[in-house]
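A.B. asks: Right, I'll just put the structure down here and ask away after.
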């Protein structure tokens, strides 16, 4: 039941009326209309009264109020029924449909648009781009179909002149993924003629009023509506629709949907062709038919992308094949006009069907695999023409009203008849409620061999000239005694009916008088093959594809096509079967008055609609019946988690007993009845409470399942990880063993090799052993080095260590380190180097040893020295393990300067073959010298000096910084300067010269 509104608005649900009577029903309907409450429930059926004004009840805030809510939680609204259909589809994976019914002008088309907008608004919360694209196209398709399929009538400014059923496809998440549109019986006769006060289809007026001057010029059109015969009748009529604005809306919608520019242009050309066809005038010159305004033919040919003479021939002649002979039969003026009008109607119908097909191609569900994406469910929305009674009712009204009879029959079957029969079949106590079953009227129209459609088809198939009067006579003879059929012949006193013209059908919605004139022609729907060939031979591929049957040979014999009435009957039967397979939801639309006024509520007019829609009977069945029924098995499958007696499985004798236990556990036993195979629930509130309990339990069930499943996944992951680690461990062990074995094999016996295995190539280690390999190679290299060292005499070891130190510090930075010769170290005491003065130096060295108590002599050599005053002198350096002495060899090696080794911070040498060396001191009084030897001359001693000093410092666990650079940076008494080295030819010995930045050491060249 609906949420209770204030009493000033009446009853929100007709089921809540104190007494079920027509006066009370009408009083409540009037009160709610006058208070602006246009929607009222009958249980789960929405009764909608057309307000004839814009109401602010469809915005985003209203959508949020109804989203996910149950019917009884909010006041009556279209959104409530749309949400109910959506929830049923999503919860139970069941196809649903929303059937909107009512007579023309009752608001069906607007209702369908609001339902579509609501479904679009509540879906795709994650804003997936593809879903948004589909939703946008589904919504945009409405305005395109309205432009080409709707028209202004005396009862409705936007009347649907075709039937539309749209299936919206949803994925398992409940998001729209596509759709499909079925269209039924376009009223194409409106293209060429309209009743007074009515217009043709909106598309013509939109093109003329909204098209640009350039576009209209290219189509040979002008904005004046009265210039075109086919639409002149409605040219001066006022409409609530802004044609110019709607033209742009429709054009934009076609682009959004996916129509190509050339397709849109072809659509405009077809509309222009129809308007030009209406202006063609035929005259007869003797026996020859002619077109009075021949220029129009050229325009039509240009727009159809064909030749003017072909267009003219198709309009004036008809090609007839008799055996092998082909004859061009001239038309009379009347036949030419008939052919032109038939051509115009056919072109428009093909255009409309092509638009629907094109939209379907674009919005159809693509690449959807149910095994991957889950079940594809559907919500169908039926917006079809309402019941029509005009001053002049023809073939179109006959088909439309037959359609409404079929839909009313479906409503009776599902809501009134089947429901009561099901109660009796299930053994539920029930008092039968009488209702009018319109099956007799449906049979009157569609029954095989006896119905009106069968009689009409028989008349159309007769050989010779068959008139509408002959068809009416056949109706009189075969249906004259039928209770719902009458004519002037069967009711001679009824002067409303014209002789040989009218017949009356007593429909469920009231009596309708039909004029038989035009029935035969409209049922045959004749279009000469010449026009089909003309269109097929167009150079415009869009037009060509619209007329595939035009490719047939002139002499080819084709099967007689089904008549328009039979095609419509078959489509209605298929539609009803489709709707019957879905769970239905109803919107019953009521037209409050015929003046389109928002203030007038015509009691008599509304009462008549309430009666023929069977709304009062609907209330009675709803009050006495049950809102929901389900088989015990399915009910238990959905709600068994609510009770501990049924979860996860019950041990009771039957599913029925288990359902009883569950219902009693929840305390709903007074609101249900138990049938033979189904449970019946009276009020929606009980069902919604069950859904709430289920939703609460589902959280716990899902959490439990998640816990179990996550635990299972964790255990599986742990086992897989453990197994993988075991495999990795054993594999690594295997690789390590293999590597060790291979190393052992390759290096077996290296102790007996001359190079102790230097040439042996190491095997590639596993990634995990790369650091181990480095350590192993280091150990091997140490061992090999130790083996090599064992062969060196103990007296040579200091020299070897010094050479190693020199290599570490200078290798790759200086060309000649003097490694190939023996290092003497104390060259001043060597007779070959200083034959005259060596005897003088030795006593000085001994005295210094006594005085300074040094242990070892590290290095001594003659040098050339430069001081801060740029004075160059021959000197000698004497390096012990404690001091560096600068001596004057000309004064019997007198000590000129003593530098403690702890005051020495580093050495700088050049990267050439020269013997430049700078001793850096802590007090920034660097010593700049160039080593030189007398025998042999130019011997390189830099490597030896660096090696012995670095080795000595290392033995004392101190670091000596050695720089290799050119020029060399130094400091003389705190002043920064540089010493660069240059090679000069004809230079007898190294010499220093002054420059701007410091000094230049010139050394002899080759």
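Using the three backbone atoms N, Cα and C, a Cβ is placed for every residue, glycine included.
Found this in Swiss-Prot, in case it helps:
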- 9-695: domain 'Myosin motor' (DOMAIN)
- 572-594: region 'Actin-binding' (REGION)
- 699-719: domain 'IQ 1' (DOMAIN)
- 721-741: domain 'IQ 2' (DOMAIN)
A.B. asks: In the domain 'IQ 1' (699-719), how many residues does DSSP call helix, how many strand, and how many coil?
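C.D. replies: Secondary-structure composition of the domain 'IQ 1' (699-719): 21 helix, 0 strand, 0 coil.
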A.B. asks: Quickly jot the same-chain residues contacting the domain 'IQ 1' (699-719) by Cβ under 8 Å, restricted to those at least six beyond its ends, or write none.
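C.D. replies: Result: 641.
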A.B. asks: What mean pLDDT does the predicted model reach across the domain 'IQ 2' (721-741)?
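C.D. replies: Computed over the domain 'IQ 2' (721-741), the mean pLDDT is 91 on the 0 to 100 scale.
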A.B. asks: Going by DSSP, how much of the domain 'IQ 2' (721-741) is helix, how much is strand and how much is coil, in residues?
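C.D. replies: Helix (H, G, I), strand (E, B), coil: 21 helix, 0 strand, 0 coil.
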